[in-house]
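Pulled from TrEMBL, these are the features on record:
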- 465-487: compositional bias 'Basic and acidic residues' (COMPBIAS)
- 430-487: region 'Disordered' (REGION)
- 12-34: transmembrane segment (TRANSMEM)
- 54-76: transmembrane segment (TRANSMEM)
- 157-177: transmembrane segment (TRANSMEM)
- 189-208: transmembrane segment (TRANSMEM)
- 228-255: transmembrane segment (TRANSMEM)
- 267-285: transmembrane segment (TRANSMEM)
- 291-315: transmembrane segment (TRANSMEM)
- 327-349: transmembrane segment (TRANSMEM)
- 361-379: transmembrane segment (TRANSMEM)
- 391-411: transmembrane segment (TRANSMEM)
Amino acid sequence: MTSPKTGDNGLIRLCVLAVVAGCVTGVLGGAFRWCLDHLTRWRLEMLDWSLGLGIPGWFVPVAVTATGAAIGAFVAKLVPVSAGSGIQHVEAVDRGETGPAPLRVIPARFFGGLVAIGSGLILGREGPTVHMGAVVGSGTARRVHLDDHDARVMQTALSGAGLAVAFTAPLAGALFALEEVAKTFRMRLVIPTVFAVAVAVAVARVILGDRPDFIVEAVESPSITLLPVFVVFGLISGVIGIAYGRTVLGAIALVRRFTHIPRIAKAAIIGGFIGALMVIDSGAAGGGEGLAQSIFDGSVVLPIVVLLLVVRFFAGPLSYAAGTPGGLFAPMLALGALWGVLFAAGFEVFLPQTDPTLRDALILTGMAALFGAVVRAPLTGMVVVMEMSATTAVVIPMLAATAAAVLVAQLSGTPPVYDSLRELMLADDAARKKASENDPGPKGSGPKGSGEQDPGEKAPGAKGPGEKNADERDSDEKDSHDGDSTP
(Lines of atoms letter the chains of each structure in order from A; the text may use other names.)
(Lines give C-alpha, C1' and ligand atoms only; values in the text may rest on other atoms or scores of the structure.)
Protein backbone atom coordinates (compact mmCIF):
# COMPACT_ATOMS: atom_id res chain seq x y z
CA MET A 1 0.00 0.00 0.00
CA THR A 2 1.35 3.44 -0.91
CA SER A 3 2.00 5.66 2.10
CA PRO A 4 0.66 9.25 2.11
CA LYS A 5 4.21 10.54 1.93
CA THR A 6 4.99 8.40 -1.10
CA GLY A 7 1.75 9.52 -2.73
CA ASP A 8 2.62 13.16 -2.07
CA ASN A 9 6.06 12.68 -3.60
CA GLY A 10 4.45 11.11 -6.65
CA LEU A 11 2.10 14.06 -7.04
CA ILE A 12 4.96 16.54 -6.69
CA ARG A 13 6.85 14.64 -9.36
CA LEU A 14 3.84 14.77 -11.65
CA CYS A 15 3.52 18.52 -11.16
CA VAL A 16 7.20 19.11 -11.92
CA LEU A 17 6.94 17.01 -15.07
CA ALA A 18 3.75 18.87 -16.03
CA VAL A 19 5.61 22.18 -15.76
CA VAL A 20 8.45 20.93 -17.96
CA ALA A 21 6.09 19.43 -20.53
CA GLY A 22 3.95 22.57 -20.36
CA CYS A 23 6.95 24.67 -21.39
CA VAL A 24 7.52 22.44 -24.42
CA THR A 25 3.83 22.53 -25.33
CA GLY A 26 3.80 26.32 -25.02
CA VAL A 27 6.73 26.62 -27.41
CA LEU A 28 5.22 24.19 -29.91
CA GLY A 29 1.73 25.66 -29.73
CA GLY A 30 2.93 29.25 -29.78
CA ALA A 31 5.20 28.60 -32.75
CA PHE A 32 2.40 26.76 -34.55
CA ARG A 33 0.00 29.65 -34.08
CA TRP A 34 2.63 32.21 -35.08
CA CYS A 35 3.37 30.35 -38.30
CA LEU A 36 -0.32 29.82 -38.99
CA ASP A 37 -1.09 33.52 -38.50
CA HIS A 38 1.57 34.41 -41.06
CA LEU A 39 0.32 31.78 -43.51
CA THR A 40 -3.22 33.09 -43.13
CA ARG A 41 -2.09 36.63 -43.92
CA TRP A 42 -0.15 35.33 -46.90
CA ARG A 43 -3.23 33.45 -48.12
CA LEU A 44 -5.38 36.57 -47.99
CA GLU A 45 -2.71 38.61 -49.79
CA MET A 46 -2.41 35.87 -52.40
CA LEU A 47 -6.18 35.93 -52.84
CA ASP A 48 -6.25 39.70 -53.40
CA TRP A 49 -3.38 39.46 -55.87
CA SER A 50 -4.91 36.58 -57.82
CA LEU A 51 -8.31 38.23 -58.10
CA GLY A 52 -6.59 41.23 -59.63
CA LEU A 53 -5.45 39.02 -62.50
CA GLY A 54 -8.99 38.46 -63.73
CA ILE A 55 -10.51 35.09 -64.54
CA PRO A 56 -7.15 33.26 -64.97
CA GLY A 57 -6.21 34.35 -61.46
CA TRP A 58 -9.20 32.54 -60.00
CA PHE A 59 -7.37 29.26 -60.46
CA VAL A 60 -4.52 30.31 -58.16
CA PRO A 61 -6.47 29.93 -54.87
CA VAL A 62 -7.91 26.66 -56.15
CA ALA A 63 -4.42 25.33 -56.86
CA VAL A 64 -3.01 26.58 -53.55
CA THR A 65 -5.71 24.97 -51.40
CA ALA A 66 -5.69 21.77 -53.44
CA THR A 67 -1.92 21.52 -53.03
CA GLY A 68 -2.10 22.22 -49.30
CA ALA A 69 -4.78 19.58 -48.83
CA ALA A 70 -2.79 17.04 -50.84
CA ILE A 71 0.37 17.69 -48.82
CA GLY A 72 -1.60 17.44 -45.57
CA ALA A 73 -3.08 14.12 -46.68
CA PHE A 74 0.37 12.88 -47.68
CA VAL A 75 1.72 13.73 -44.22
CA ALA A 76 -1.23 11.88 -42.68
CA LYS A 77 -0.46 8.90 -44.89
CA LEU A 78 3.11 8.83 -43.60
CA VAL A 79 1.96 9.22 -39.98
CA PRO A 80 -1.65 7.97 -39.94
CA VAL A 81 -2.47 8.96 -36.37
CA SER A 82 -1.77 12.59 -37.25
CA ALA A 83 -4.90 12.87 -39.42
CA GLY A 84 -7.97 14.73 -38.28
CA SER A 85 -8.48 16.25 -34.88
CA GLY A 86 -6.67 13.69 -32.76
CA ILE A 87 -8.92 14.45 -29.79
CA GLN A 88 -10.72 11.12 -30.15
CA HIS A 89 -7.33 9.40 -30.01
CA VAL A 90 -6.40 11.34 -26.87
CA GLU A 91 -9.69 10.28 -25.27
CA ALA A 92 -9.17 6.65 -26.24
CA VAL A 93 -5.70 6.68 -24.68
CA ASP A 94 -7.10 8.18 -21.48
CA ARG A 95 -9.63 5.33 -21.29
CA GLY A 96 -6.95 2.71 -21.87
CA GLU A 97 -8.57 1.70 -25.16
CA THR A 98 -5.48 2.32 -27.27
CA GLY A 99 -1.82 3.17 -26.87
CA PRO A 100 -0.21 6.62 -26.93
CA ALA A 101 0.80 8.18 -30.22
CA PRO A 102 4.47 8.09 -31.26
CA LEU A 103 6.68 11.17 -31.05
CA ARG A 104 6.74 11.57 -34.83
CA VAL A 105 3.16 12.80 -34.54
CA ILE A 106 4.56 16.15 -33.34
CA PRO A 107 6.31 17.17 -36.60
CA ALA A 108 3.50 15.59 -38.62
CA ARG A 109 0.87 17.59 -36.76
CA PHE A 110 2.95 20.76 -36.88
CA PHE A 111 3.80 20.80 -40.58
CA GLY A 112 0.75 18.91 -41.83
CA GLY A 113 -1.55 21.23 -39.90
CA LEU A 114 0.22 24.32 -41.18
CA VAL A 115 -0.11 23.41 -44.84
CA ALA A 116 -3.68 22.12 -44.56
CA ILE A 117 -5.13 24.92 -42.44
CA GLY A 118 -2.85 27.62 -43.82
CA SER A 119 -3.86 26.83 -47.40
CA GLY A 120 -7.52 27.37 -46.56
CA LEU A 121 -9.16 24.14 -45.43
CA ILE A 122 -11.92 24.78 -42.88
CA LEU A 123 -10.14 23.17 -39.95
CA GLY A 124 -9.23 24.22 -36.43
CA ARG A 125 -5.77 24.95 -35.07
CA GLU A 126 -6.68 23.28 -31.76
CA GLY A 127 -6.56 19.77 -33.26
CA PRO A 128 -2.80 19.84 -33.86
CA THR A 129 -1.99 21.68 -30.61
CA VAL A 130 -4.09 19.33 -28.44
CA HIS A 131 -2.49 16.25 -29.97
CA MET A 132 1.02 17.68 -29.85
CA GLY A 133 0.52 18.51 -26.18
CA ALA A 134 -0.78 15.02 -25.46
CA VAL A 135 2.22 13.44 -27.19
CA VAL A 136 4.60 15.68 -25.24
CA GLY A 137 2.88 14.56 -22.04
CA SER A 138 2.94 10.85 -22.82
CA GLY A 139 6.49 11.08 -24.16
CA THR A 140 7.67 12.78 -20.98
CA ALA A 141 5.97 10.07 -18.93
CA ARG A 142 7.69 7.32 -20.90
CA ARG A 143 11.04 9.05 -20.56
CA VAL A 144 10.89 8.92 -16.75
CA HIS A 145 9.14 5.52 -16.64
CA LEU A 146 5.87 6.56 -15.02
CA ASP A 147 3.26 3.84 -14.55
CA ASP A 148 0.34 3.62 -16.95
CA HIS A 149 -2.04 5.59 -14.75
CA ASP A 150 0.30 8.55 -14.27
CA ALA A 151 1.28 8.41 -17.94
CA ARG A 152 -2.38 8.90 -18.83
CA VAL A 153 -2.56 11.77 -16.33
CA MET A 154 0.34 13.46 -18.12
CA GLN A 155 -1.19 12.86 -21.53
CA THR A 156 -4.55 14.27 -20.51
CA ALA A 157 -3.13 17.25 -18.63
CA LEU A 158 -0.96 18.28 -21.56
CA SER A 159 -3.83 17.87 -24.03
CA GLY A 160 -5.56 20.58 -22.00
CA ALA A 161 -2.43 22.70 -22.26
CA GLY A 162 -2.57 22.28 -26.03
CA LEU A 163 -6.14 23.54 -26.18
CA ALA A 164 -5.30 26.43 -23.86
CA VAL A 165 -2.49 27.55 -26.14
CA ALA A 166 -4.68 27.24 -29.25
CA PHE A 167 -7.21 29.74 -27.92
CA THR A 168 -5.22 31.61 -25.25
CA ALA A 169 -7.75 30.18 -22.83
CA PRO A 170 -6.10 28.59 -19.78
CA LEU A 171 -9.27 27.89 -17.81
CA ALA A 172 -10.95 26.38 -20.85
CA GLY A 173 -7.89 24.22 -21.46
CA ALA A 174 -8.03 22.84 -17.94
CA LEU A 175 -11.78 22.25 -18.20
CA PHE A 176 -11.33 20.52 -21.55
CA ALA A 177 -8.92 18.01 -20.03
CA LEU A 178 -11.23 17.35 -17.08
CA GLU A 179 -14.70 17.66 -18.60
CA GLU A 180 -14.20 16.33 -22.12
CA VAL A 181 -11.16 14.03 -22.08
CA ALA A 182 -11.05 12.48 -18.60
CA LYS A 183 -14.63 13.27 -17.52
CA THR A 184 -13.44 13.41 -13.92
CA PHE A 185 -12.11 15.99 -11.48
CA ARG A 186 -9.69 13.85 -9.45
CA MET A 187 -7.10 15.96 -7.67
CA ARG A 188 -4.26 13.85 -9.03
CA LEU A 189 -5.31 15.02 -12.48
CA VAL A 190 -6.55 18.51 -11.63
CA ILE A 191 -3.34 19.81 -10.06
CA PRO A 192 -0.89 18.74 -12.82
CA THR A 193 -3.39 19.99 -15.42
CA VAL A 194 -3.51 23.45 -13.86
CA PHE A 195 0.29 23.61 -13.71
CA ALA A 196 0.66 22.46 -17.32
CA VAL A 197 -1.97 24.86 -18.63
CA ALA A 198 -0.62 27.87 -16.75
CA VAL A 199 2.96 27.34 -17.90
CA ALA A 200 2.02 26.53 -21.51
CA VAL A 201 -0.08 29.67 -21.92
CA ALA A 202 2.56 31.83 -20.24
CA VAL A 203 5.24 30.54 -22.63
CA ALA A 204 2.97 30.91 -25.66
CA ARG A 205 2.22 34.51 -24.71
CA VAL A 206 5.91 35.30 -24.97
CA ILE A 207 5.65 34.31 -28.63
CA LEU A 208 2.16 35.59 -29.44
CA GLY A 209 1.67 38.52 -27.10
CA ASP A 210 -0.81 38.97 -24.28
CA ARG A 211 -4.18 39.81 -25.77
CA PRO A 212 -7.52 38.06 -26.23
CA ASP A 213 -8.24 36.36 -29.52
CA PHE A 214 -11.31 38.50 -30.21
CA ILE A 215 -11.62 42.24 -29.76
CA VAL A 216 -15.19 42.83 -28.60
CA GLU A 217 -16.65 46.17 -27.61
CA ALA A 218 -18.07 46.44 -24.10
CA VAL A 219 -21.13 44.23 -23.87
CA GLU A 220 -23.73 44.94 -21.23
CA SER A 221 -25.55 42.10 -19.56
CA PRO A 222 -28.87 41.61 -21.38
CA SER A 223 -32.04 42.31 -19.45
CA ILE A 224 -33.39 39.40 -17.45
CA THR A 225 -36.64 39.78 -19.40
CA LEU A 226 -34.77 38.54 -22.49
CA LEU A 227 -33.76 35.27 -20.84
CA PRO A 228 -36.59 33.32 -22.56
CA VAL A 229 -35.22 34.55 -25.89
CA PHE A 230 -31.85 33.00 -25.08
CA VAL A 231 -33.51 29.75 -24.03
CA VAL A 232 -35.32 29.54 -27.37
CA PHE A 233 -32.07 30.45 -29.11
CA GLY A 234 -30.35 27.64 -27.24
CA LEU A 235 -33.02 25.10 -28.13
CA ILE A 236 -32.64 25.89 -31.83
CA SER A 237 -28.86 25.83 -31.44
CA GLY A 238 -29.16 22.31 -30.06
CA VAL A 239 -30.99 21.18 -33.19
CA ILE A 240 -28.33 22.80 -35.37
CA GLY A 241 -25.62 21.12 -33.31
CA ILE A 242 -27.22 17.71 -33.80
CA ALA A 243 -27.37 18.30 -37.54
CA TYR A 244 -23.77 19.48 -37.66
CA GLY A 245 -22.45 16.42 -35.84
CA ARG A 246 -24.32 14.16 -38.22
CA THR A 247 -23.00 16.15 -41.17
CA VAL A 248 -19.43 15.51 -40.01
CA LEU A 249 -20.04 11.76 -39.95
CA GLY A 250 -21.98 11.92 -43.20
CA ALA A 251 -19.15 13.74 -44.96
CA ILE A 252 -16.70 11.06 -43.82
CA ALA A 253 -18.98 8.34 -45.15
CA LEU A 254 -19.50 10.17 -48.44
CA VAL A 255 -15.80 10.67 -49.11
CA ARG A 256 -15.01 7.06 -48.31
CA ARG A 257 -17.47 5.75 -50.83
CA PHE A 258 -15.12 6.77 -53.63
CA THR A 259 -12.75 3.87 -53.01
CA HIS A 260 -11.36 3.99 -56.54
CA ILE A 261 -9.87 7.45 -55.98
CA PRO A 262 -6.57 7.58 -54.06
CA ARG A 263 -6.75 9.31 -50.71
CA ILE A 264 -4.37 12.13 -51.64
CA ALA A 265 -6.31 12.81 -54.83
CA LYS A 266 -9.56 13.02 -52.87
CA ALA A 267 -7.97 15.50 -50.47
CA ALA A 268 -6.78 17.59 -53.42
CA ILE A 269 -10.28 17.59 -54.94
CA ILE A 270 -11.77 18.74 -51.65
CA GLY A 271 -9.07 21.37 -51.34
CA GLY A 272 -9.77 22.63 -54.83
CA PHE A 273 -13.45 22.94 -53.99
CA ILE A 274 -12.67 24.95 -50.84
CA GLY A 275 -10.31 27.12 -52.90
CA ALA A 276 -13.12 27.83 -55.35
CA LEU A 277 -15.34 28.89 -52.44
CA MET A 278 -12.53 31.16 -51.25
CA VAL A 279 -12.61 32.95 -54.61
CA ILE A 280 -16.27 33.79 -53.97
CA ASP A 281 -15.64 35.02 -50.42
CA SER A 282 -12.50 34.78 -48.30
CA GLY A 283 -14.63 33.98 -45.25
CA ALA A 284 -15.66 30.68 -46.83
CA ALA A 285 -12.22 29.21 -46.15
CA GLY A 286 -9.89 28.88 -43.19
CA GLY A 287 -10.47 28.09 -39.54
CA GLY A 288 -12.79 31.04 -39.08
CA GLU A 289 -11.07 33.15 -36.43
CA GLY A 290 -10.80 36.14 -38.77
CA LEU A 291 -14.40 35.64 -39.89
CA ALA A 292 -15.61 35.69 -36.28
CA GLN A 293 -13.72 38.93 -35.66
CA SER A 294 -15.31 40.47 -38.76
CA ILE A 295 -18.71 39.48 -37.43
CA PHE A 296 -17.99 41.21 -34.13
CA ASP A 297 -16.82 44.27 -36.07
CA GLY A 298 -20.10 44.32 -38.01
CA SER A 299 -18.32 44.21 -41.36
CA VAL A 300 -20.22 41.18 -42.71
CA VAL A 301 -23.56 42.06 -44.28
CA LEU A 302 -26.58 39.86 -43.63
CA PRO A 303 -26.82 38.17 -47.08
CA ILE A 304 -23.17 37.13 -46.78
CA VAL A 305 -23.83 35.87 -43.25
CA VAL A 306 -26.55 33.58 -44.59
CA LEU A 307 -24.35 32.42 -47.46
CA LEU A 308 -21.36 31.69 -45.21
CA LEU A 309 -23.50 29.91 -42.64
CA VAL A 310 -24.82 27.50 -45.26
CA VAL A 311 -21.48 27.07 -47.03
CA ARG A 312 -19.40 26.50 -43.91
CA PHE A 313 -22.02 24.18 -42.41
CA PHE A 314 -21.26 21.68 -45.18
CA ALA A 315 -17.76 22.68 -46.31
CA GLY A 316 -16.34 22.39 -42.78
CA PRO A 317 -17.23 18.70 -42.39
CA LEU A 318 -16.08 18.10 -45.97
CA SER A 319 -12.70 19.63 -45.13
CA TYR A 320 -12.46 17.34 -42.11
CA ALA A 321 -13.30 14.34 -44.29
CA ALA A 322 -10.19 15.07 -46.39
CA GLY A 323 -8.19 13.35 -43.63
CA THR A 324 -5.54 16.03 -43.12
CA PRO A 325 -4.34 17.28 -39.72
CA GLY A 326 -6.83 19.77 -38.30
CA GLY A 327 -9.61 20.11 -35.77
CA LEU A 328 -13.31 20.86 -35.48
CA PHE A 329 -13.47 23.38 -32.63
CA ALA A 330 -12.50 26.63 -34.37
CA PRO A 331 -14.85 26.13 -37.36
CA MET A 332 -17.66 25.36 -34.91
CA LEU A 333 -17.04 28.63 -33.07
CA ALA A 334 -17.18 30.58 -36.34
CA LEU A 335 -20.38 28.77 -37.30
CA GLY A 336 -21.87 29.65 -33.93
CA ALA A 337 -20.97 33.30 -34.46
CA LEU A 338 -22.70 33.29 -37.86
CA TRP A 339 -25.78 31.67 -36.35
CA GLY A 340 -25.81 34.17 -33.49
CA VAL A 341 -25.71 37.24 -35.70
CA LEU A 342 -28.37 35.75 -37.99
CA PHE A 343 -30.69 35.11 -35.03
CA ALA A 344 -30.04 38.63 -33.74
CA ALA A 345 -31.00 40.09 -37.12
CA GLY A 346 -34.21 38.08 -37.17
CA PHE A 347 -35.06 39.09 -33.62
CA GLU A 348 -34.55 42.77 -34.44
CA VAL A 349 -37.22 42.48 -37.13
CA PHE A 350 -39.76 41.79 -34.39
CA LEU A 351 -38.29 44.12 -31.75
CA PRO A 352 -36.35 46.87 -33.56
CA GLN A 353 -35.76 48.85 -30.36
CA THR A 354 -33.84 46.03 -28.70
CA ASP A 355 -30.65 46.83 -26.78
CA PRO A 356 -27.88 47.13 -29.43
CA THR A 357 -25.49 45.05 -27.32
CA LEU A 358 -27.87 42.09 -27.69
CA ARG A 359 -26.28 41.36 -31.05
CA ASP A 360 -22.83 40.71 -29.59
CA ALA A 361 -24.39 38.80 -26.70
CA LEU A 362 -26.10 36.45 -29.15
CA ILE A 363 -22.91 36.02 -31.17
CA LEU A 364 -20.98 34.98 -28.07
CA THR A 365 -23.81 32.78 -26.86
CA GLY A 366 -24.18 31.14 -30.26
CA MET A 367 -20.53 30.12 -30.21
CA ALA A 368 -20.85 28.52 -26.78
CA ALA A 369 -24.24 26.90 -27.38
CA LEU A 370 -23.30 25.26 -30.68
CA PHE A 371 -20.01 24.04 -29.21
CA GLY A 372 -21.85 22.56 -26.24
CA ALA A 373 -24.42 20.81 -28.40
CA VAL A 374 -21.87 19.20 -30.74
CA VAL A 375 -19.12 18.32 -28.27
CA ARG A 376 -21.34 17.95 -25.19
CA ALA A 377 -18.84 19.86 -23.06
CA PRO A 378 -20.87 22.94 -22.02
CA LEU A 379 -18.50 24.33 -19.40
CA THR A 380 -15.54 24.16 -21.77
CA GLY A 381 -17.55 25.84 -24.52
CA MET A 382 -18.71 28.72 -22.36
CA VAL A 383 -15.35 29.37 -20.76
CA VAL A 384 -13.40 29.23 -24.03
CA VAL A 385 -15.72 31.87 -25.52
CA MET A 386 -15.48 34.11 -22.47
CA GLU A 387 -11.69 33.86 -22.40
CA MET A 388 -11.27 34.40 -26.14
CA SER A 389 -13.42 37.53 -25.96
CA ALA A 390 -12.43 38.69 -22.46
CA THR A 391 -16.15 39.12 -21.80
CA THR A 392 -18.15 37.79 -18.86
CA ALA A 393 -21.20 40.06 -19.01
CA VAL A 394 -23.28 37.48 -20.87
CA VAL A 395 -22.60 34.56 -18.55
CA ILE A 396 -26.22 34.19 -17.35
CA PRO A 397 -27.90 34.11 -20.79
CA MET A 398 -25.00 32.00 -22.06
CA LEU A 399 -25.61 29.47 -19.29
CA ALA A 400 -29.31 29.33 -20.13
CA ALA A 401 -28.79 28.97 -23.88
CA THR A 402 -25.98 26.44 -23.63
CA ALA A 403 -27.89 24.33 -21.13
CA ALA A 404 -30.90 24.34 -23.46
CA ALA A 405 -28.73 23.40 -26.45
CA VAL A 406 -27.05 20.53 -24.62
CA LEU A 407 -30.40 19.33 -23.27
CA VAL A 408 -31.84 19.08 -26.78
CA ALA A 409 -28.75 17.27 -28.04
CA GLN A 410 -28.74 14.89 -25.08
CA LEU A 411 -32.44 14.05 -25.34
CA SER A 412 -32.07 13.36 -29.06
CA GLY A 413 -29.94 10.33 -28.31
CA THR A 414 -27.23 11.59 -30.65
CA PRO A 415 -23.82 10.91 -29.07
CA PRO A 416 -21.19 13.64 -28.77
CA VAL A 417 -19.19 13.94 -31.97
CA TYR A 418 -15.92 12.78 -30.42
CA ASP A 419 -17.59 9.73 -28.89
CA SER A 420 -18.80 8.78 -32.35
CA LEU A 421 -15.39 9.38 -33.90
CA ARG A 422 -13.66 7.42 -31.14
CA GLU A 423 -16.00 4.46 -31.54
CA LEU A 424 -15.45 4.44 -35.28
CA MET A 425 -11.70 4.57 -34.75
CA LEU A 426 -11.75 1.65 -32.33
CA ALA A 427 -14.17 -0.40 -34.43
CA ASP A 428 -11.99 0.01 -37.48
CA ASP A 429 -8.90 -0.85 -35.45
CA ALA A 430 -10.52 -4.06 -34.21
CA ALA A 431 -11.69 -5.03 -37.69
CA ARG A 432 -8.24 -4.39 -39.13
CA LYS A 433 -6.58 -6.52 -36.47
CA LYS A 434 -9.02 -9.32 -37.13
CA ALA A 435 -8.27 -9.16 -40.84
CA SER A 436 -4.55 -9.14 -40.09
CA GLU A 437 -4.88 -12.28 -37.97
CA ASN A 438 -6.72 -14.04 -40.77
CA ASP A 439 -4.27 -12.90 -43.44
CA PRO A 440 -0.95 -11.82 -41.88
CA GLY A 441 1.27 -9.81 -44.18
CA PRO A 442 4.98 -9.09 -44.30
CA LYS A 443 4.65 -5.55 -43.00
CA GLY A 444 5.95 -4.66 -39.59
CA SER A 445 3.51 -4.32 -36.78
CA GLY A 446 3.30 -1.23 -34.63
CA PRO A 447 2.36 -0.85 -31.01
CA LYS A 448 -1.17 -1.79 -30.17
CA GLY A 449 -3.55 1.04 -30.74
CA SER A 450 -0.85 3.54 -31.58
CA GLY A 451 -2.15 4.26 -35.04
CA GLU A 452 0.72 2.29 -36.58
CA GLN A 453 -0.97 -1.07 -36.99
CA ASP A 454 -0.71 -3.16 -40.09
CA PRO A 455 -2.97 -1.39 -42.47
CA GLY A 456 -4.28 -2.27 -45.68
CA GLU A 457 -7.46 -2.19 -47.46
CA LYS A 458 -10.80 -1.52 -45.95
CA ALA A 459 -10.98 -3.81 -42.95
CA PRO A 460 -13.76 -6.39 -43.19
CA GLY A 461 -16.31 -5.98 -40.44
CA ALA A 462 -15.72 -2.29 -39.83
CA LYS A 463 -19.04 -0.58 -39.24
CA GLY A 464 -20.49 2.88 -39.11
CA PRO A 465 -20.43 5.94 -41.34
CA GLY A 466 -16.78 6.58 -40.62
CA GLU A 467 -15.64 2.99 -40.77
CA LYS A 468 -12.15 3.79 -42.08
CA ASN A 469 -10.25 6.00 -39.69
CA ALA A 470 -7.30 8.10 -40.82
CA ASP A 471 -6.08 8.39 -37.23
CA GLU A 472 -5.46 4.67 -37.16
CA ARG A 473 -4.65 3.88 -40.80
CA ASP A 474 -1.19 2.68 -41.71
CA SER A 475 0.98 4.75 -43.97
CA ASP A 476 1.42 2.15 -46.67
CA GLU A 477 -2.24 1.48 -47.33
CA LYS A 478 -3.08 0.69 -50.91
CA ASP A 479 -3.91 3.78 -52.92
CA SER A 480 -7.20 2.31 -53.96
CA HIS A 481 -8.32 2.57 -50.35
CA ASP A 482 -6.11 5.40 -49.11
CA GLY A 483 -9.00 7.81 -48.71
CA ASP A 484 -11.35 5.41 -47.02
CA SER A 485 -10.48 6.57 -43.56
CA THR A 486 -10.98 9.82 -41.83
CA PRO A 487 -10.83 10.53 -38.12
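Glycine is treated like the rest: Cβ placed from N, Cα and C.
Given the structure is predicted, the values throughout are model-derived calculations rather than measurements.
Here the transmembrane segment (291-315) has long-range neighbours at 122, 214-217, 243-244, 247, 251, 273-274, 277, 281, 283-284, 331, 333-335, 337-339, 341-342, 345, 360, 363, 367, 389, meaning same-chain residues at least 6 beyond its ends whose C-beta is under 8 angstroms from one of its own.
Packing against the transmembrane segment (267-285) from elsewhere in the chain are residues 43-44, 47, 51, 58, 61-70, 72-73, 119-122, 255, 261, 291, 294, 300, 304, 307-308, 311-312, 315, 318-319, 321-324, 483: each is 6 or more residues past its ends and has a CB under 8 Å from a CB in it. Nonlocal intrachain contacts for the transmembrane segment (391-411), taken as residues 6+ away from its ends with a CB within less than 8 angstroms of a stretch CB, comprise 216, 218-222, 224, 226-227, 230-235, 237-239, 241-242, 361, 364-366, 368-370, 372-374, 376, 378, 381-382, 385.
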